[in-house]
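Engineer: Input: one structure, supplied below.
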Amino acid sequence: MIALPVEKAPRKSLWQRHRAFISGIVALIIIGTFFLTSGLHPAPPHEAKRPHHGKGPMHSPKCEKIEPLSPSFKHSVDTILHDPAFRNSSIEKLSNAVRIPTVVQDKNPNPADDPDFYKHFYELHDYFEKTFPNIHKHLKLEKVNELGLLYTWEGSDPDLKPLLLMAHQDVVPVNNETLSSWKFPPFSGHYDPETDFVWGRGSNDCKNLLIAEFEAIEQLLIDGFKPNRTIVMSLGFDEEASGTLGAASLASFLHERYGDDGIYSIIDEGEGIMEVDKDVFVATPINAEKGYVDFEVSILGHGGHSSVPPDHTTIGIASELITEFEANPFDYEFEFDNPIYGLLTCAAEHSKSLSKDVKKTILGAPFCPRRKDKLVEYISNQSHLRSLIRTTQAVDIINGGVKANALPETTRFLINHRINLHSSVAEVFERNIEYAKKIAEKYGYGLSKNGDDYIIPETELGHIDITLLRELEPAPLSPSSGPVWDILAGTIQDVFENGVLQNNEEFYVTTGLFSGNTDTKYYWNLSKNIYRFVGSIIDIDLLKTLHSVNEHVDVPGHLSAIAFVYEYIVNVNEYA
């Protein structure tokens, strides 16, 4: 999720990008077509091109029912979900946190250099200390890069790898031009009993998860729980600006302490539970993220008076290269270890709305190339879904020329890619060079990469350069089977089947995929088991407000998120 400058048009957040396919999922099921956003099982060995952590089921796709995993220490789960006094107290805690405007921009100073810029973060820290006294009495608090909060609840067995919970303290700005459109002031934290919503910026991204983790641990302390496994909370402060000051520093600090694969599992913000058909629910903790890369493409030519122009200015060359890129999108590459396949499987096996033909195509795809091709065709025809099975490209910025009668010496544009699971930064770079070479040869330009590595020598007209600006490989796939997954999935199953939904057995757990990136991108070397999940039932209309006007969160969803964190901590200690 990327921060937005105040007064500028809102930029689509990671959650906003996902609200589209979540909305589309429900509609697509109703009309009997295809839907996806998340998935389950890895591919058969002969089809998997990329290793994943752990061994997943490699046979017939099945959206099997997970056995609920209920701990013996379950003192307050029912209280969290159903007690009016706890509910009212929780509403107040979340509302008060939303009232503190911990806003970040795209670019932010180092906290030590400009503490006044972060004054509201210090206010939030004081609020935590006053609101959660047991945590601040019994847990060790360390501050990393001034504002990163690291809470450690020491377990009795130092040989056990710690459990790590993540969230971020920061929120995106509010566009001042939208203030009149807000139902309640954006930092009011207003609770509306008619809708059962808490309103305000950050209420659903992600002060809900932040406060849920605090509340769960505070309640465990009140209940007298004593962990044998250490519990760590790592709370960044600039996730909306890519986490370069917060999560990056925290991850480095934790790596020095615990080393490679030193953490049992990591839970951060992510997707939740969706009702994919009437009374059929699927939980989708995210176990993978696409990669990311930005390239700056420069057409470096010569200036002069516009009255004696060449056949093609640098702007013209840039335009044709952009056209070449956009006329040649990346191929669709779908394998069955793509997490989106699991939700398709759940729909095929449990939805009453999908046609038999659709179900046969989904379930038969691993065994029949023709059906796999048909499945890919269906996915690729859904505009909100196709980005999950290919590398995307978007030309987002372009600059060239300064005056009507002066030829532009240089034209530059930026192209952003979200990299498919089985691709890489190098593969994307090579492909971009291929098309740039075609244009360079066509118009007699040289070609270089990263400024000084010439593929074609510079000519009298100039040269084209492609420079890599920022890169992130696709995230490793975390397990969708095995002991760590079983405890996570079993906890989700128990909290929702037996608690939130009151014995509704049409509840399934699978995994999911993000096309954007969370703070977990800095934590890959700390654990093979990274899951992005908030224990709440997804409301489509609610998701439309993320990073936008009238952001809000439903109270029942917030309470279930607390219950999940509470029970997951206990289950990890009892069963891992």
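Heads up, the Cβ atoms here are built off N, Cα and C, so glycines get one too.
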Engineer: Can you tell me which of these residues Swiss-Prot lists as ubiquitin cross-link: LYS8, LYS183, LYS359?
Structural biologist: LYS8
Engineer: If Swiss-Prot gives ASP205, GLU240 as binding Zn(2+) 1, which of HIS547, HIS552, HIS558 does it give for that site as well?
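Structural biologist: Among the candidates, Swiss-Prot records only HIS547 at this Zn(2+) 1 site.
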Engineer: Quick one: among the glycosylation sites ASN228, ASN381, which has the most Cβ atoms sitting within 10 Å of its own Cβ?
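Structural biologist: For the glycosylation sites ASN228, ASN381, the Cβ with the most other Cβ atoms within 10 Å is ASN228.
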Engineer: Rounded to a whole angstrom, what is the C-alpha distance between ASN88 (N-linked glycosylation site) and ASN228 (N-linked glycosylation site)?
Structural biologist: 31
Engineer: Can you tell which of ASN88, ASN525 has the most other C-beta atoms within 10 Å, given these are the glycosylation sites?
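Structural biologist: The largest 10 Å Cβ neighbour count belongs to ASN525.
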Engineer: Can you check what DSSP calls ASP205 (Zn(2+) 1 binding site), collapsed to helix, strand or coil?
Structural biologist: coil
Engineer: Tell me the Cβ neighbour count for GLU240 (Zn(2+) 1 binding site), meaning other Cβ atoms within 10 Å of its Cβ, over all protein chains shown.
Structural biologist: 29
